[in-house]
Amino acid sequence: MGDLANSSVDFKPKKQSSGGVMEVNHAGDFGATLEDLRDLMELRGAEAIQKIHENYMDTEGLCQRLKTSPADGLSDNPSDLEKRGQVFGQNFIPPKKAKSFLELVWEALQDVTLIILEIAAIISLALSFYQPPGEESEACGNVASGSEDDGEAEAGWIEGAAILLSVVCVVLVTAFNDWSKEKQFRGLQSRIEQEQRFAVVRNGTVIQIPVAEMVVGDVAQIKYGDLLPADGILIQGNDLKIDESSLTGESDHVKKSVDKDPMLLSGTHVMEGSGKMLVTAVGINSQTGIIFTLLGVGEGEEEKKDKKGKQDGNLENSQNKAKKQDEAVAMEMQPLKSAEGGEVEAEKKKGNVPKKEKSVLQGKLTKLAVQIGKAGLVMSAITVIILVMYFVIETFVVQGREWLTECTPVYVQYFVKFFIIGVTVLVVAVPEGLPLAVTISLAYSVKKMMKDNNLVRHLDACETMGNATAICSDKTGTLTTNRMTVVQAYMGDQHFHKVPHPDQINPRVLDTLVNAISVNSAYTSKIMPPDKEGGLPKQVGNKTECALLGFILDLNRDYAPVREQIPEEKLYKVYTFNSVRKSMSTVVQKPDGSFRLYSKGASEILLKKCSSIMAGGGEPRAFRPRDRDEMVKKVIEPMACDGLRTICVAYKDLPASPEPDWEDEGGIVSNLICITVVGIEDPVRPEVPDAIKKCQRAGITVRMVTGDNINTARAIATKCGIIQPGDEFLCIDGKEFNRRIRNEKGEVEQERIDKVWPKLRVLARSSPTDKHTLVKGIIDSTVLEQRQVVAVTGDGTNDGPALKKADVGFAMGIAGTDVAKEASDIILTDDNFSSIVKAVMWGRNVYDSISKFLQFQLTVNVVAVIVAFTGACITQDSPLKAVQMLWVNLIMDTFASLALATEPPTESLLLRKPYGRNNPLISRTMMKNILGHAIYQLIIIFTLLFAGEKIFNIDSGRNAPLHSPPSEHYTIIFNTFVLMQLFNEINARKIHGERNVFDGIFHNPIFCSIVMGTFLMQFVIVQFGGKPFSCTPLNVEQWLWCLLVGVGELLWGQVITTVPSSRLPCLKEAGHALGKEEMIDDDMADDEQEIDHAERELRRGQILWFRGLNRIQTQMEVVSTFKRSGSFQGAARRRSSVLSQLHDVTNISTPTHVVLSTANATGAPGNTSGESIP
């Protein structure tokens, strides 16, 4: 399509004779061709208008050519829609081809350790087939003595082949994991895509259709917060402003109007206003589609162009499949794509996290893996050197033999054997299961989180959420139900504490009110009949406007006739809602030519613009500042203290001549006549107080950031439990917040923010900028030892910056605008705060799963490496053979990562504080477990190695010559080793020193089946594995002894648990050495102790837990204050609460002096941001 885009220039001269070109371009019966429209969409402003006039007279003319109606849209005729799809293309970009299984296998083969093993195995194979003539001769020493007749060659051949086979197994397992992961990503993607719908007019009714079904000629309704899914021309607009930075890079919002600049482009955001657009280009023919085609990255695309040059549809660079396929996710999908590319190997992902810095866990893991890898490399090198030296000295010095030419292959075979042992040590030492464990754990969590209404868009967000220390939440729709109803009203000089009867209101006041609400709200907001009998009516559109429309219905009136009388096209001027205005106004022209303006908005803002108020008799009377203050005290504050949002509705008449200057908004929206002030209730979600309690218990501070009035916000925060009576915490509004954090020059200062945020619980009347400043301030703060990890919820277009800045951004799936969803990491499909708590649980579970896996794997690593190393040095042969090591590697890497990474989360995860960024991955308790179990296993294995033949009364397997048959002695060692790992895997399920390691084991069928499966496989390998696995069958008695030693692991685990970690100061360094990432050395031990302690106390009941933890924190605070100047997070948090009790709470409560600089409020036409007016 790149060619087409360039060649479209050639079509320009043919415009006049568009009829002639039609046939060429298969434009069917339409009066405009694909190229005509594409050329038109490349123009802007005056040029575009001129072009429309030249070719089509006006937009009406273009609609006629495209056989559509500006008012009624297209008909729903399937054949017409299909034809449009054929002629003008469809609104999606063909998906990127998934990597085939073979490609993934090839990628898995790139692993360096595997390549080394393959080479060693091939050398070993080649040498085993070469039999030198004098091989049996004495001259070569005891090289071949003791072998069974021809068995040696056979055995040599088998070992090489077995290593290759093991490599194939490892590669296939890795490739399969990658393949299933990619499949999951695609599933996630298509799910996000299917959810994207857009409002279009068909047959005169507005319907929501999937974005992919939009065709050229559709009339789409666009509103604040939309991400445009196709190119189009504006045919009717109100105060429309578009952010075109995604295409042009210009950050200023572009004003769009029918007569000045009607061109709307796909991939751009509607930042203000509303309107209707005629779709003129979709999919790969839209401006964004063209750009991505020209970018056509990768040779694959080039080939495709050659093959499919004739078909427009397939030429698109598919990397951005989702760009057109769904409006909201256009860019949203790219992070997923990059995740998809960068995750095929979790290693790559580490280097290339699509968003923000490297995630905490990945950072720690990368460092840890590198450290272990280095240690393994050193150990394996030493092993090989010692083996070679020992052999050379023994053969040529001690025995005094000479190097004979015919013996060379035999000696080389020895060296290859040593090399294979060395490589095997390396393979066992390198934890290549780590990336796999992380991936499996994250992928499993993401899948399960979907059921908990968390749609995860960036994999690492899931794990970051486990470390969250602060949540800044919106109020409307997240903490509350977002089902708004008017419950109180003040009109005609009376305060009604419930909805009044129509007879109690003057008819004139009532008529004015009905007109003001019906006309001055988005026509997309309406009340629909309930889905099922007896249910509540359905609220569609902006919830605040729905509450007002519902108020009209409660007064036995109807808004529909008013809207029919004044359709949207007849609205003379609309000042749509935005976060600065905090109000919305609409101007209509009366039959006599004069104008009337209706306005609604946050009560304290709009009342300042009122100079009169409608009295009981329906006549306006003067409304002075003194009256306003009294109204605030007697009406608005009591409403706000009941947790109601207060909204003022007002109007004003304007003369026909001279016509007012509509650009002078300040002058026009002033001297209004107040009709009513209503109190809207938005009840707290029943499950929220409990969820917030869980967060606080888990050490997460919840802050409410809202555009509402401070009294309303405080009332709701109290109901939710964000602030408790008697707590000395800060509830301030945006104006006061800015006053406190800015210096004389108006610049934000971090030290000032640091004085505010630790105590801040409610920020009311806040603007999006305030939200962003607060989030940035908390993240950048160094007041507490731990760097804060902040999660933010948002739904409005203007929440984008805060969502992007936060460590984890949650967008609302229902009320959220496309822009907010695109900036987020996780989408809450039910808009519910309690889903965030589930995300915390899953995040912590991911972290714990990785820790469990690490604890298990490092135990195996330590033991296997030490056994191979000392065995090689003392007996010139590793007690665990290469193939056996690979089997151990398979169970401990692949299977264990599956078993331990899929543990379901439990509520107890929420009973501890967050780990924090600087905590080591391996806590002191884990270090104790790793070393404790390693000691047990080493004692057993060395006992068996050096005294096993006496214990079991069998032949010794030590110092066996090359190619000798497998011995019972070494088989018992191998079997015992594997069974100990198997039982230790059960121990590894608990990492905080819990006693009951079987707790909840049956809730995890994957774990049980893997443990059972591994045991059965081990039985088969030992009894029937024979030479490839260097095993010989064992009898029942030997099996029982092996099992007994294995079960001993569980008993030994209880012994280790009894030893308190705090008594083992030597372990502190061990935790450091391995686990530290960007670690601040000294805060580690304290925080670890805190965690271990918390986990131990957990089982003694909560009261004890809190009491004990506080006592210990106090002691630790004293100790650590002596140790260093700072003090850790808990202490700082307590200190801040002590301070806050000294400084009295600073509540800016009287809305009289609350001038606002503020956020997502009143119901704009389609302010889908649920957060509305005060």
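Counting starts with 1 at the first residue shown.
Note that Cβ sites are derived from N, Cα and C of the backbone, with glycine treated the same way.
Automatic, uncurated: that is what TrEMBL annotation is.
TrEMBL annotations:
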type	residues	note
COILED	1077-1104	coiled coil
COMPBIAS	302-313	compositional bias 'Basic and acidic residues'
DOMAIN	53-129	domain 'Cation-transporting P-type ATPase N-terminal'
REGION	1-22	region 'Disordered'
REGION	302-327	region 'Disordered'
TRANSMEM	377-398	transmembrane segment
TRANSMEM	418-444	transmembrane segment
TRANSMEM	930-948	transmembrane segment
TRANSMEM	968-986	transmembrane segment
TRANSMEM	1006-1026	transmembrane segment
Positions on the same chain near the transmembrane segment (1006-1026), where near means CB under 8 A and six or more residues out: 887, 891, 895-896, 898-900, 902-903, 966, 971, 974-975, 978-979, 982, 985-986, 989, 1032-1034
Outside the transmembrane segment (377-398), six or more residues from its ends: residues with CB under 8 Å to it: 141, 411, 414-415, 418-419, 421-423, 425-426, 429, 865, 868-869, 872-873, 876
Quick test of the contact rule: Cβ under 8 Å, at least six residues beyond the ends. What residues does that give for the transmembrane segment (968-986)? 856, 859-860, 863-864, 867, 879-881, 884, 887-888, 891-892, 896, 899-900, 933, 936-937, 940-941, 944-945, 948-949, 952, 954-958, 997-998, 1001, 1011, 1014-1015, 1018, 1022, 1030-1032, 1034, 1038-1039, 1041-1043, 1045-1050, 1053
Which whole number is the mean pLDDT over the domain 'Cation-transporting P-type ATPase N-terminal' (53-129)? 79
Residues in the domain 'Cation-transporting P-type ATPase N-terminal' (53-129) per DSSP class, helix first, strand next, coil last, are 48 helix, 3 strand, 26 coil
